[in-house]
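Lifted from Swiss-Prot, the feature list:
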TRANSMEM  9-29  transmembrane segment
TRANSMEM  49-69  transmembrane segment
TRANSMEM  103-123  transmembrane segment
TRANSMEM  137-157  transmembrane segment
TRANSMEM  165-185  transmembrane segment
TRANSMEM  213-233  transmembrane segment
TRANSMEM  247-267  transmembrane segment
TRANSMEM  276-296  transmembrane segment
TRANSMEM  337-357  transmembrane segment
TRANSMEM  363-383  transmembrane segment
TRANSMEM  396-416  transmembrane segment
TRANSMEM  419-439  transmembrane segment
Amino acid sequence: MSTDNKQSLPAITLAAIGVVYGDIGTSPLYTLRECLSGQFGFGVERDAVFGFLSLIFWLLIFVVSIKYLTFVMRADNAGEGGILTLMSLAGRNTSARTTSMLVIMGLIGGSFFYGEVVITPAISVMSAIEGLEIVAPQLDTWIVPLSIIVLTLLFMIQKHGTAMVGKLFAPIMLTWFLILAGLGLRSIIANQEVLYALNPMWAVHFFLEYKTVSFIALGAVVLSITGGEALYADMGHFGKFPIRLAWFTVVLPSLTLNYFGQGALLLKNPEAIKNPFFLLAPDWALIPLLIIAALATVIASQAVISGVFSLTRQAVRLGYLSPMRIIHTSEMESGQIYIPFVNWMLYVAVVIVIVSFEHSSNLAAAYGIAVTGTMVLTSILSTTVARQNWHWNKYFVALILIAFLCVDIPLFTANLDKLLSGGWLPLSLGTVMFIVMTTWKSERFRLLRRMHEHGNSLEAMIASLEKSPPVRVPGTAVYMSRAINVIPFALMHNLKHNKVLHERVILLTLRTEDAPYVHNVRRVQIEQLSPTFWRVVASYGWRETPNVEEVFHRCGLEGLSCRMMETSFFMSHESLILGKRPWYLRLRGKLYLLLQRNALRAPDQFEIPPNRVIELGTQVEI
């Protein structure tokens, strides 16, 4: 969805509220409770309440309003955002060594997202279901089972797409934010003293009074800004202006009113700390509030799941993850996809997390390390873009980076205190994903280099075949080639073993460009290499899925007629064996072999009819 679509600005803004702000919009369920629950050594005291409220408000202003919405969202790739997009932009005009460092940062940021995404659905849904403790305390043993049931249903409907229920997201989330604002305003009116916390000096006073403990407490404050990265990642769906408009007109005021309303309640009734969010509501409204909270957390979880699907597709298309089955669930919206393997792996991980941690307060101890780590990396990558791509003054860029890091690094460092109490979980998951992505990329490069290191010139081979042709058989043969100027392995092995060649040979390369989409005019490039050889290069963006049938259709429009069911597709199938390596490289090689065995086969990946495919095997030592 973008402003290019003929939709009104209010409609797009409403849709952005429904998708983009689910995570950060459900943070009031648990943030202030975790800040003042006593784990940091101070109770519900006036100075502590004012200090936390001031920190939360000014973090929302600085991190979300200024850093992400004003600065980072300027860095877009054809309207698209996200940490991998930022990585790609930052590396465009830098040296090879610097680019390598930026790529590593981007991959770490993407890996951190995988680590946190296991926690987000669990903590969001559990914190909503925990409202049962207020409504009916005897039902507290049902919190874990009900959370699992809700999330099971959510993961089960993914294969059907979210187009139908997605239409309900926006009105539900708008209702949610209005409820946040209403509950908070009602409490603030009863105790207006809490508005003094808008003064940033209360945050300064908080650090001066509580010293080291206040620094550690930042690990709880950061819960208020989790989901900030989603604003940038979802930029391509809604556009910059609608996302900014939604934040400043609806989301920020609602969050501020609710946090300060909880603070006003706690100043009057410190015992409300057991669940200040639900205790804001009158008794008659608790059950309706519980229902709308559950719906809001499901929507927040859906946004995160969709984000995982999008990030995975981007990583696959950029060559950082092995090919896997990607199902389009909407004929109208290319961004709506379903990846079965990712969906069920994530589901299993979320259920294990819920059963292991049992309460959202325990999960809060695991939340934040990966989020703040990504914030640090985003600051570095975005300021690199400002310097290298926008050519801003280096001293001005340095000041911006210092300002960002003065907030990001303390938040990240404070969250390291959570390492042993649960923070190891997202870090471990992120580390696994980083190893997987770097292994696939590096070993794939090693394999391709090994396969072509002794190859002859493509032009020389074609000239030789035209001069002394082998037996030619009727029809068209398509040889899939990973690189433009190399001889496809399948072609060499077909000549070696079968000693025949089709009357017409097409060397097809499917290429992923550094852009989300490629215009149809630039989709296919055709070059005739000889009277019987053609080279076809089809370009796709990383948000698009290659389709050979579409390529053939466009070839026909440009004069190279091809009929899918009358064409033979020759592909190479590599049987890999490990050569002599140091032990650590041998481990990486074994991981690559495992990934390779489970990768989606090329015919399925490019939607080629199986009965038209001929695979020629070859053994390659890596």
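Keep in mind that glycine also has a Cβ here, set from the backbone N, Cα and C atoms.
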So are the transmembrane segment (9-29) and the transmembrane segment (247-267) touching or not, going by 3+ C-beta pairs under 8 A with a sequence gap of 6 or more?
yes
Counting Cβ pairs under 8 Å that sit 6 or more residues apart, are there three or more between the transmembrane segment (213-233) and the transmembrane segment (337-357)?
no
What residues in the same chain, six or more past the boundaries of the transmembrane segment (276-296), come closer than 8 Å to it by Cβ-Cβ distance?
22, 25-26, 28-30, 32-33, 125, 128-129, 131-132, 134-135, 150, 172-173, 175-176, 179, 183-184, 186-187, 258, 261-262, 265-266, 269
Based on Cβ pairs under 8 Å, which of the stretches 49-69, 103-123, 247-267, 396-416, 419-439 lies most in contact with the transmembrane segment (363-383)?
103-123
Does the transmembrane segment (247-267) reach the transmembrane segment (419-439) with at least 3 CB pairs under 8 A, where each pair is 6 or more residues apart?
no
Determine whether the transmembrane segment (419-439) and the transmembrane segment (103-123) share at least three Cβ pairs under 8 Å, counting only pairs 6 or more apart in sequence.
yes
Using a Cβ distance cut-off of under 8 Å, indicate which of 49-69, 103-123, 165-185 has the most pairs with the transmembrane segment (396-416).
49-69
